[in-house]
């Protein structure tokens, strides 16, 4: 079910100081005003939804800073209210469109990017809007440190096939796949499942018996 638009969401976000980044320049120029320990590794989730994944990650991994990026104010309000139930020094959220992500973060500043259940944009003419399209991956590559990773999870068979075969395996000089599964929850006792933190969509899809696909990959450097 699509979340009903909250017309007051933008004003709510502007009034919040805990967890919400209202001055985007801080992420490039003064991380000490965003995180208590600004020198920790930084992981970002693009399209964080209602926040289940990123809040739980921040709770379980205090040695990592987490930034959730979500372009819909109504949705980020839900995530923010979940975060307020906890006292976290390593979590921040911002309402922002990933199309302009290079304006938000410094190059070579991110250790890991999470893409969870992104919009599949099924029509061919919309392929450039997919977050695993080379258009976006080039932006993400600029943000990631040399050993940085991308983790992508989806229930969508077509989007996963596109990501693997049309993008990652289509240019082996650019990408290296580190982990790949078409059925994450079938990997009993596998570390990838044991450490998995589900999103709100993921929980629903698993209950419906849908297979969760996952791939982790990195960008190859010229000397690799």
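Cβ coordinates are placed from backbone N, Cα and C, and glycine is handled just like the others.
Annotated S-adenosyl-L-methionine-binding residues in Swiss-Prot are 70, 97, 119, and among 45, 56, 138 the one listed with them is 45. Cα-Cα distance from residue 70 (S-adenosyl-L-methionine binding site) to residue 199 (substrate binding site): 14 Å (rounded to the nearest whole number).
Here the binding-site residues are 119, 202; the one with the fewest Cβ atoms within 10 Å of its Cβ is 119. Spacing of residue 200 (substrate binding site) relative to residue 97 (S-adenosyl-L-methionine binding site) is 21 Å (Cα to Cα, whole number). The distance from the Cα of residue 45 (S-adenosyl-L-methionine binding site) to the Cα of residue 123 (substrate binding site) comes to 24 Å. Residue 202 (substrate binding site) falls within a helical segment according to DSSP. Other than 45, 70, 97, 119, the residues of this chain whose Cβ falls within 8 Å of the Cβ centroid of the S-adenosyl-L-methionine site are, in sequence order, 46, 47, 48, 49, 69, 71, 72, 98, 118.
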